[in-house]
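*Asks:* Starting off with a structure, shown below.
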There are 2 protein chains.
Amino acid sequence: MEIVFIAIGCGLLAVLYGLFTARQVLAASPGDATMQAIAGAIQEGAKAYLGRQYSTIAVVGIVVAVLVALFLGLTSAIGFLIGAILSGAAGFIGMTISVRANVRTAEAARTSLQSGLTVAFRAGAITGMLVAGLALLAISGFFWFLTGPAGHAPDDRLVIDSLVALAFGASLISIFARLGGGIFTKAADVGADLVGKVEAGIPEDDPRNPAVIADNVGDNVGDCAGMAADLFETYVVTVGATMVLTALLVTGVDNGFLMKLMGLPLIVGGLCIITSIIGTYMVRLGRSQSIMGALYKGFWTTAILSIPAIYLATNWVLGDMTTVFGADLDGVGGYSGMALFWSMMVGLGVTALIVWITEYYTGTNYRPVRSIARASETGHGTNVIQGLAVSLEATALPTLVIVVGIILAYQAAGLIGIAFAATAMLALAGMVVALDAYGPVTDNAGGIAEMSHMDETVRVRTDALDAVGNTTKAVTKGYAIGSAGLAALVLFGAYTEDLKFYNSALGLTAPVDFSLSNPYVIVGLLLGALMPYLFGAMGMTAVGRAAGHVVKDVRHQFATDHGILRGESRPNYARTVDLVTRAAIREMIVPSLLPVLAPIVVYFAIAAVAGIANGFAALGALLLGVIVSGLFVALSMTSGGGAWDNAKKYIEDGNHGGKGSFAHLAAVTGDTVGDPYKDTAGPAVNPMIKITNIVALLLLAALAHGG
Amino acid sequence: MEIVFIAIGCGLLAVLYGLFTARQVLAASPGDATMQAIAGAIQEGAKAYLGRQYSTIAVVGIVVAVLVALFLGLTSAIGFLIGAILSGAAGFIGMTISVRANVRTAEAARTSLQSGLTVAFRAGAITGMLVAGLALLAISGFFWFLTGPAGHAPDDRLVIDSLVALAFGASLISIFARLGGGIFTKAADVGADLVGKVEAGIPEDDPRNPAVIADNVGDNVGDCAGMAADLFETYVVTVGATMVLTALLVTGVDNGFLMKLMGLPLIVGGLCIITSIIGTYMVRLGRSQSIMGALYKGFWTTAILSIPAIYLATNWVLGDMTTVFGADLDGVGGYSGMALFWSMMVGLGVTALIVWITEYYTGTNYRPVRSIARASETGHGTNVIQGLAVSLEATALPTLVIVVGIILAYQAAGLIGIAFAATAMLALAGMVVALDAYGPVTDNAGGIAEMSHMDETVRVRTDALDAVGNTTKAVTKGYAIGSAGLAALVLFGAYTEDLKFYNSALGLTAPVDFSLSNPYVIVGLLLGALMPYLFGAMGMTAVGRAAGHVVKDVRHQFATDHGILRGESRPNYARTVDLVTRAAIREMIVPSLLPVLAPIVVYFAIAAVAGIANGFAALGALLLGVIVSGLFVALSMTSGGGAWDNAKKYIEDGNHGGKGSFAHLAAVTGDTVGDPYKDTAGPAVNPMIKITNIVALLLLAALAHGG
């Protein structure tokens with residue numbers, strides 16, 4: 001049990017770090033009255049949106065919690081609620097910090113680039129540590145309660161079901177937050193650009209544009225709150241699934257040892273919070289003044305320090321690194337500390353490579369972004385064609401890395417090895433989220449600098465900070481979807497193990513045939529592969545529709561009050577924010593329910609036609625279909641979108657004719673297309689994959705209990 | 001044997017129909033001297049391109065033929081060459097007719113819409129019947145030779161391997177033709193548009209544009225020759241795979257009965273050529289003057305007449321419809337005539353539904369195209385976003401239709417049922433290709449009318465004919481990829497049966513584990529799913545690069561001879577054609593080799609790391625991964641591209657501001673983006689899927705013979 005206490009301690013440390021750093025950030029100067037007024041409007045809008053979003057989700061959440069309680073019992077329902085509430089809290093706290101740090105970053109950027117970077121990165125680090133810390137606290141605290149005060153054995157069904165329910169709570173909130181926030185931010189962004197830049201010919205972030213506050217609110221509720229909920233979910237699901245799979249797969253050991261083994265992912269997560277905190281203190285501009293370099297110093301410090309930390313943790317938990325334990329599953333002949341250590345090293349390696357590949361595909365220094373910029377010279381059409389080509393191509397290297405990662409981790413320690421590799425990836429979540437959450441703060445800081453007519457040098461600094469944010473945002477998405485690739489295999493492993501466990505309770509007479517030559521497996525793969533496409537279509541359409549409302553509202557404001565464009569009267573920002581809020585909330589519901597309902601519908605439909613065994617086979621294949629297809633859809637959308645965005649930035653830096661050139665116009669089109677790709681549809685595929693898998697696990701448990 | 005003779009007879013009938021109709025088409029007036037000069041330039045360019053393309057492919061083909069002879073023997077090599085040569089012939093003949101019918105269609109359109117339609121559709125029908133007829137002749141002739149004069153039993157390994165080699169020959173030529181032609185046509189089209197419409201501000205098909213002949217050549221070598229080779233391949237592979245699977249799966253019957261059963265797909269194909277010929281005579285404008293209606297009359301006549309034809313053929317071949325034969329495989333308890341009949345009805349049903357769904361997604365009368373047109377009002381970005389949303393959404397209904405088709409056909413007659421469903425789909429190929437090949441003829445006719453300054457009424461008529469061509473072209477692609485979905489399952493079935501057959505020869509000690517819980521299966525699925533993405537990226541990039549060359553060449557011509565734009569001097573059309581030819585041939589090689597090499601590399605890589613059993617598991621999963629992912633990539637690209645194109649046409653018809661409006665400019669961008677989507681990358685995915693599968697089958701045979 002002391003392992004779990006250490007993990008809880010590390011989780012609390014992360015929260016303390018968050019509180020301490022929040023005091024530092026809030027102590028910085030919030031600037032003059034104009035800046036504070038603008039920041040106040042953004043704060044108000046963000047708070048109003050999140051309030052509406054959470055009260056809508058709460059309705060769905062309560063209905064689902066009741067269903068969970070009915071089918072799986074009260075403990076699972078409590079797990080569900082803990083996951084849901086903390087996921088929401090992670091998003092809320094992140095957003096709260098972010099909307100206060102933006103104006104302080106702008107003010108600090110008056111002094112120097114370093115000062116601006118410090119405030120913005122600290123704000124990101126608070127969100128990062130709170131996401132990792134709260135996620136770790138949720139799992140380890142709940143696990144402690146179940147195996148301690150509640151007195152269950154670690155491999156008790158109730159413990160397993162409750163951990164899955166905890167993950168479900170986190171995932172369900174996360175998909176709503178990702179999608180709702182994603183629709184909000186891109187509807188506002190696209191709408192503001194279309195009517196502002198294109199029609200009225202006013203620059204980005206111009207205070208005369210009624211949608212400008214909504215655009216800035218969007219950065220906070222989408223890129224910050226939505227992203228935080230997403231990564232919270234990824235952490236809880238991955239670590240939770242590793243624990244569940246350990247309980248299901250490692251047999252022939254006593255409960256005390258199993259308890260330790262299930263605690264290993266927790267303590268690894270805990271120690272990596274400490275290495276992440278150390279990493280945050282390394283983020284400092286070097287002589288080259290490279291912002292990306294400064295951020296990388298933090299990331300690499302964390303990654304490298306995590307290697308000995310993971311080794312020592314494994315050695316301490318298991319007693320030594322070489323004793324083989326567990327039965328001979330997967331043909332790996334049992335497991336050893338060294339095998340698990342190597343698996344986790346695979347996870348770190350996959351993370352590092354995905355970070356590097358994503359930078360290659362979205363950074364302005366490399367071929368992909370430059371090829372899009374060059375294609376912009378011949379117009380809108382060729383810009384988009386080249387951007388789509390890059391987005392398709394950008395799936396190749398990450399897939400190869402994941403494939404090699406799967407093979408190496410499996411060769412080291414079988415399916416458990418893949419699970420521990422995924423856990424090690426997520427152990428770095430605190431640092432990765434810190435890099436990401438820094439982005440919306442600098443984006444907002446730039447907007448505030450522009451709107452409050454701060455000195456041009458400030459805007460240059462915030463722009464430099466923001467350009468890097470595009471890449472770090474793409475990195476997090478690649479990282480999240482890459483880890484989802486591994487986590488989904490773990491969840492599928494849990495599904496097949498559960499099927500074996502529940503075999504007779506479900507009324508099955510033989511093992512389910514998951515062979516590819518079973519046509520119901522193919523049917524499941526096809527239906528699963530369809531889901532990200534349908535989901536993506538819904539997300540893209542939603543943004544288009546909501547952006548259309550924004551365009552109409554802004555046109556109406558311009559038409560009814562001619563003083564707005566002359567800069568004489570203040571536009572009604574709140575009306576636009578409110579309009580986007582309503583549109584985003586309305587649009588997020590149906591797509592979010594797709595992954596919840598699809599597994600249930602597919603199981604019952606196929607079971608009705610071809611018997612329950614084929615129903616379970618099709619459902620299992622659906623889980624793999626959704627990851628096999630979702631991985632590509634998400635990677636192509638997030639990398640492609642990032643590349644389009646930075647191709648525009650590259651042109652704005654004076655290449656291919658610079659701002660206002662024909663190439664720049666084309667690049668703006670590409671950026672607009674990339675917006676819903678990278679910030680709405682693409683990243684939401686990640687929680688979608690996980691929900692589909694978790695619902696399948698819960699369906700099994702519910703059917704077994706009822707059957 | 002008489003069954004095979006009847007099939008050969010029907011194949012010859014199709015060729016006779018082609019010759020007879022070709023005389024009719026050629027007897028029509030080829031117009032005045034100006035028109036003939038333009039048509040002559042197009043003919044010359046198309047001939048030059050195909051000549052270069054075929055001589056390049058011949059080099060690859062001869063190398064591969066030698067390899068096939070070495071590893072699989074001379075008979076297989078002969079099969080490979082027959083497939084390759086006839087696939088090339090189908091494309092060549094189609095192109096030859098098409099480049100002569102274009103000018104005659106323009107001339108006939110002077111008289112009336114009906115006259116133009118008659119010439120254009122007859123030209124399409126020639127290509128359609130020749131594709132189906134030559135494909136049927138190739139398989140039935142080769143099968144007759146193997147089982148007759150050569151004296152092999154129908155289920156002899158040599159017969160099976162040789163049929164697979166025949167399919168391989170057809171597929172290999174087809175991917176080069178599809179991709180090379182696709183790159184040519186879209187590089188010329190995009191290049192001509194960019195520098196003509198966008199930069200010089202001259203209309204489409206303006207004779208002052210040096211790329212205008214290349215653009216018209218592209219319609220013939222891409223949409224006609226490439227498409228014909230593709231459908232030839234689809235036909236040969238599908239019918240061939242059905243025969244192979246029948247030989248592998250139906251046990252417990254004597255050779256005489258097996259011979260009949262393997263002849264059934266041939267005779268079904270033969271009879272449907274007759275129903276297709278009857279259908280072509282039904283294509284006539286009704287009172288509503290609806291061109292789509294006229295074409296549909298032909299299609300529906302063929303589809304409905306095929307129902308009794310298939311019933312009678314099955315009854316006659318098997319003697320009766322109810323006797324159960326074959327061992328109890330797949331849990332279907334043997335097969336019966338009725339079961340096979342119902343499977344084939346599923347195939348016809350899937351075809352009809354895919355035609356209907358494709359028209360919904362690409363026709364100007366329905367929501368999807370109109371939503372793109374409406375989104376064009378707010379600019380380039382929203383046009384592209386909505387187009388991408390439609391392209392993602394357009395995968396859903398066809399997938400559901402295919403899934404339901406798989407389930408129904410499997411419930412009727414197991415895996416054999418799926419094979420016969422695919423065969424019935426392909427039986428309609430003559431008619432479907434006729435509808436498609438009509439498109440490039442009308443497209444060219446419009447170009448010739450414009451360039452030779454014919455009367456405005458002629459251009460209105462050719463435009464009306466052409467608009468329908470966009471939809472029929474999309475329909476064929478949806479149909480080809482849908483049938484590939486079924487055919488790939490058949491090929492995968494053949495792969496697993498082959499693995500069982502060769503088990504000990506390959507050095508395997510146990511059945512290969514194709515279960516989804518084998519991580520090497522997941523690895524194979526992921527790598528297979530990657531292939532269409534990588535292939536798509538290569539295709540899109542190739543078009544962008546080749547179009548860039550066109551832009552530079554045209555700019556150079558305008559700059560060095562100012563008389564061109566003033567209409568005083570004639571541009572150097574041939575130089576542009578030659579340039580695109582070289583670019584397309586250069587660009588087609590690497591992507592085309594991807595599906596040939598990937599299965600071999602993946603097998604050897606995984607076998608080296610994890611043993612040959614896992615190598616075969618990963619290879620099998622690769623085959624399914626490529627279809628599961630390729631289906632979506634191809635459907636989204638072809639439907640999305642068609643929708644973009646028709647959204648532009650819808651605006652040009654006077655909606656949302658009509659030609660020259662802001663919405664129209666945005667729609668032109670969408671159309672440009674859709675070009676490589678729908679005519680290069682998307683359709684080439686179909687042969688790519690099949691090649692991957694066929695190479696895997698050949699690899700098995702080669703390893704077994706060598707092992």
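Heads up, the Cβ atoms here are built off N, Cα and C, so glycines get one too.
Keep in mind that TrEMBL annotations are predicted by a computer and have not been checked by a curator.
Pulled the feature table from TrEMBL, pasting it below:
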| type | residues | note |
| --- | --- | --- |
| SITE | A:LYS473 | site 'Determinant of potassium independence' |
| TRANSMEM | A:51-72 | transmembrane segment |
| TRANSMEM | A:79-99 | transmembrane segment |
| TRANSMEM | A:119-146 | transmembrane segment |
| TRANSMEM | A:262-283 | transmembrane segment |
| TRANSMEM | A:295-319 | transmembrane segment |
| TRANSMEM | A:339-363 | transmembrane segment |
| TRANSMEM | A:384-409 | transmembrane segment |
| TRANSMEM | A:415-435 | transmembrane segment |
| TRANSMEM | A:478-496 | transmembrane segment |
| TRANSMEM | A:516-535 | transmembrane segment |
| TRANSMEM | A:589-610 | transmembrane segment |
| TRANSMEM | A:616-635 | transmembrane segment |
*Asks:* For a quick check of packing: other C-beta atoms within 10 Å of the C-beta of A:LYS473 (site 'Determinant of potassium independence'), how many?
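*Replies:* Step by step: centre on the Cβ of A:LYS473 (site 'Determinant of potassium independence'), count other Cβ atoms within 10 Å, giving 28.
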*Asks:* So which of A:79-99, A:119-146, A:339-363 has the most C-beta pairs under 8 Å when paired with the transmembrane segment (A:415-435)?
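*Replies:* Of the candidates A:79-99, A:119-146, A:339-363, A:339-363 scores highest.
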*Asks:* Taking A:119-146, A:262-283, A:384-409, A:516-535 as candidates, which has the most Cβ pairs under 8 Å with the transmembrane segment (A:478-496)?
*Replies:* A:384-409
*Asks:* With a Cβ cut-off under 8 Å, give me the same-chain residues at least six positions beyond the ends of the transmembrane segment (A:295-319) that come close to it.
*Replies:* 3, 121, 260-261, 263-264, 267-268, 271-272, 274-276, 278-284, 286, 325, 337, 340-341, 344-345, 348, 351-352, 355, 424, 427-428, 430-432, 434-435, 438, 468, 472
*Asks:* With CB pairs under 8 Å as the measure, which of the listed stretches A:51-72, A:119-146, A:262-283, A:516-535, A:616-635 comes out on top against the transmembrane segment (A:384-409)?
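*Replies:* Looking at each of A:51-72, A:119-146, A:262-283, A:516-535, A:616-635 in turn, the most contacts to the transmembrane segment (A:384-409) are made by A:616-635.
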*Asks:* Same chain, outside the transmembrane segment (A:339-363) by at least 6, Cβ under 8 Å from its Cβ: which residues?
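*Replies:* Same-chain contacts beyond the ends: 264, 268, 292, 299, 303, 306-307, 310-311, 314, 318, 321, 332, 369, 390, 394, 397-398, 401-402, 405, 408-409, 412-413, 416-418, 420-425, 427-428, 432, 470-471, 474-475, 478-479, 482-483, 486, 639, 642-643, 645-646.
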*Asks:* Let me spell it out: take the transmembrane segment (A:616-635), skip the flanking residues so only those 6+ beyond its ends count, and list any with a Cβ under 8 Å from a Cβ in it.
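*Replies:* Same-chain contacts beyond the flanks: 394-395, 398-399, 402, 477-478, 481, 484-485, 488-489, 491-492, 495-496, 499, 506, 508, 512-514, 518, 520-533, 536, 595, 598-599, 602-603, 606-607, 681-683, 685-686, 688-689, 692-693, 696, 699-700.
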